[in-house]
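One structure is given here, and the rest of the page talks about it.
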Amino acid sequence: MARTQVPDPATSAPAERALWLRDELERANYAYYVLDQPDLPDAEYDRLFKELQQIESEHPDLITPDSPTQRVGGEVASGFRPVVHDMPMLSLNNGFSDEDIAAFDKRVSDTLHHTPVDYACELKFDGLAISLRYVDGQFTQAATRGDGATGEDVTENVRTIRSIPLKLKGKRVPKLVDVRGEVLMFRRDFDKLNQRQRDAGQREFANPRNAAAGSLRQLDPKMTAQRPLSFFAYGIGVLDGIEMPGTHSELLDWYHEMGLPVNSERAVVQGAEGVLGFFHKVGEKRDKLPYDIDGVVYKVNRRDEQDALGFVSRAPRFALAHKFPAQEALTKLIAIDVQVGRTGAITPVARLEPVFVGGATVTNATLHNEDEVRRKDIRIGDTVIVRRAGDVIPEVVGALLERRPPDAREFVMPTQCPVCGSAIERLPDEAIARCSGGLFCPAQRKQALWHFAQRRALDIDGLGEKIIDQLVELNLVRTPADLFNLGFATLAELDRFAEKSAQNLIDSLEKAKHTTLARFIYALGIRHVGESTAKDLARHFGSLDPIMSATVEELLEVNDVGPIVAEAIHQFFAEEHNRTVIEQLRAPGKVTWAEGPPAPKAPQGVLAGKTVVLTGTLPNMGRDEAKELLEAAGAKVAGSVSKKTDYVVAGAEAGSKLAKAEELGIPVLDEDGMRKLLEGQTT
């Protein structure tokens with residue numbers, strides 16, 4: 001679609017700005033509804049739409065019949081038969097703030113002449129709206145929303161969605177009903193689909209919404225049948241042969257009775273205070289839901305009151321979509337710097353013009369690695385899409401190529417570490433470039449010290465990041481061994497470090513001198529060596545010296561140590577500087593641990609030789625306690641599920657590990673089942 005030059009909203013004439021806004025919104029609609037390739041974040045679309053609404057309200061003569069404010073969606077794609085909706089599928093007006101919700105409630109209550117008003121609250125799914133037609137209880141047709149008046153016939157594709165009944169059940173089945181709802185894809189199903197795409201060497205989907213839309217609109221229903229789509233009913237069109245339920249909540253209950261899938265995250269509340277309470281409650285658990293939502297929908301609950309409120313050109317007056325803070329937004333990429341991680345990993349970081357996204361102001365976002373920058377074709381000066389969901393680190397999703405300035409510059413990975421000046425190296429088979437400076441690099445030094453002090457490493461309480469920053473910047477500590485040379489007087493002089501804090505840290509350091517071999521190995525920060533591998537090494541060799549002198553072949557004999565991990569361990573101990581630091585750490589008066597003979601080849605215990613994975617929250621014990629009990633029984637507790645896993649112990653809010661176990665047919669136990677297993681009872 002042709003593009004027009006972007007007029008400045010501050011200086012351009014309203015007619016010129018409105019023309020550009022209509023063009024930009026229509027282009028975005030086409031990409032979203034027809035191509036299933038949205039390239040404009042929802043928040044940016046909403047902002048532009050609101051601006052066009054404002055211009056048209058101030059200048060009614062600028063309203064055109066084809067303005068996006070006068071219609072619902074996009075054009076009917078070729079390849080599907082058009083379906084005219086007997087009752088239009090309208091979209092909803094949006095609210096973004098508490099003030100918007102209060103204003104909506106006031107308009108409703110003023111029109112109805114009473115307060116408080118009962119509202120049915122439900123989730124706003126991030127999927128594709130469709131209409132299902134049932135005649136005498138039999139599913140006969142499915143159509144997409146399209147432009148609201150005319151959609152696309154996707155009947156054969158929808159027949160493949162297992163959650164949609166082909167025949168309604170119960171005693172109150174109508175002669176005719178158009179069920180409105182949303183086709184979506186659960187996150188776990190989306191992850192599985194993308195894994196299949198990767199395995200087949202095919203393009204991955206950007207998000208569950210794209211995957212759902214693309215899957216539903218496959219020309220071959222057999223392709224749709226292979227895609228794990230789901231459906232929730234939430235509205236109604238034409239109804240014949242039975243009386244319309246008196247409230248929206250009763251409508252959804254009736255749907256449920258007839259076997260239609262209805263989401264359980266819903267409630268009937270009173271007034272603005274009630275809907276805002278529901279909104280904030282849902283917002284707190286949004287990231288834990290198994291599917292994507294982008295807000296909450298409020299509908300006046302009583303049907304007669306809905307009829308009294310009526311409709312405007314594109315939306316009902318009795319409903320409002322309350323949108324969450326956008327998880328995606330547009331901003332300008334000012335620069336690309338690189339940061340150095342604990343293991344020397346060089347990560348490109350986008351420096352951004354400040355943008356509010358995901359409930360926070362974002363100025364930096366990860367670009368992951370050099371290959372990702374190239375794949376996404378991100379350049380300095382671009383207008384980029386930034387995504388921030390929950391506590392996830394903000395990332396740059398992509399660039400708007402149509403807004404790229406002529407002077408946009410490609411990113412060039414530096415050849416020297418920005419912190420220590422050492423050479424940056426990248427192995428042929430790895431995506432990550434790394435600083436070769438090792439523990440000499442101050443950036444790595446800080447991260448290495450922080451890792452060394454972690455609770456699961458040497459557990460040095462009081463040695464936080466700010467203290468480590470001071471110790472390194474004042475050149476008081478260069479390696480982990482230097483920590484044990486620190487004295488009370490030195491610590492007491494640190495900025496914002498009182499005498500009590502200094503003494504507490506001295507006590508923590510003294511306590512940390514007495515540890516286990518496994519903790520010490522983990523504390524060294526060897527690449528690819530986590531807690532589990534550190535324990536395997538300690539059990540297999542019994543003492544540190546054999547590990548330090550082991551060949552790659554000898555390391556490969558350790559349980560679950562593969563070629564990559566074996567090579568990383570071997571290279572770490574082959575580096576003379578690392579050996580020097582280790583000798584300093586185990587010098588007299590420094591770190592000690594109990595050493596013993598190598599573990600027997602076959603571990604003892606009722607779970608000897610078994611691999612167990614923990615996931616979710618157990619009701620009566622923490623994960624660490626469960627892990628210790630399993631390991632004491634001879635089990636290896638792994639961090640991920642594979643074909644080698646013998647059992648998965650799942651608690652509340654178990655995630656992808658549980659899904660993986662079910663997919664592989666691995667036995668899944670709850671806490672009671674785990675206890676029985678520990679007692680020697682088979683499952």
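Backbone N, Cα and C atoms are what each Cβ position is placed from, and that goes for glycine too.
Among the features that Swiss-Prot reports, active site, N6-AMP-lysine intermediate is placed at Lys124, with the record citing sequence analysis. Proximity of Lys124 (active site, N6-AMP-lysine intermediate) to non-local residues of its own chain (separation of 6 or more, Cβ distance below 8 Å) is seen for Ile293, Asp294, Gly295, Val296, Val297, Ala321, His322, Lys323, given in sequence order. DSSP gives Lys124 (active site, N6-AMP-lysine intermediate) a strand state.
What Swiss-Prot records for Asp42, Ala43, Glu44, Tyr45, Asp46, Ser91, Leu92, Glu122, Arg145, Glu182, Lys299, Lys323 is NAD(+) binding site, and it gives sequence analysis as the kind of evidence. Reduced to three states, the DSSP call for Arg145 (NAD(+) binding site) is coil. For Arg145 (NAD(+) binding site), other Cβ atoms within 10 Å of its Cβ number 23.
Every protein chain shown contributes to the tally, and the Cβ of Cys435 (Zn(2+) binding site) ends up with 26 other Cβ atoms within 10 Å. Taken from Swiss-Prot, the feature Zn(2+) binding site covers Cys417, Cys420, Cys435, Cys441, and the record attributes it to sequence analysis.
Residues annotated as domain 'BRCT' in Swiss-Prot: 602-683.
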Could you tell me the C-alpha distance between Cys441 (Zn(2+) binding site) and Asp46 (NAD(+) binding site) in angstrom, no decimals?
46
In this structure, which of the binding-site residues Cys417, Cys420 has the fewest other Cβ atoms within 10 Å of its Cβ?
Cys420
Would you count the other C-beta atoms found within 10 angstroms of the C-beta of Asp46 (NAD(+) binding site) for me?
15
So, in DSSP terms, is Lys299 (NAD(+) binding site) helix, strand, or coil?
strand
Mind checking how the domain 'BRCT' (602-683) divides into helix, strand and coil residues in DSSP?
27 helix, 16 strand, 39 coil
Considering Cα atoms only, can you say which of Glu44, Asp46, Leu92, Arg145, Lys299 is the nearest neighbour of Cys435 (Zn(2+) binding site) among these binding-site residues?
Glu44
Excluding near sequence neighbours, so keeping only residues 6 or more apart in the same chain, what lies with its CB under 8 A of Leu92 (NAD(+) binding site)?
Val297, Ala315, Pro316, Ala319, Leu320, Ala321
Across the domain 'BRCT' (602-683), what is the average pLDDT of the model, as a whole number?
84
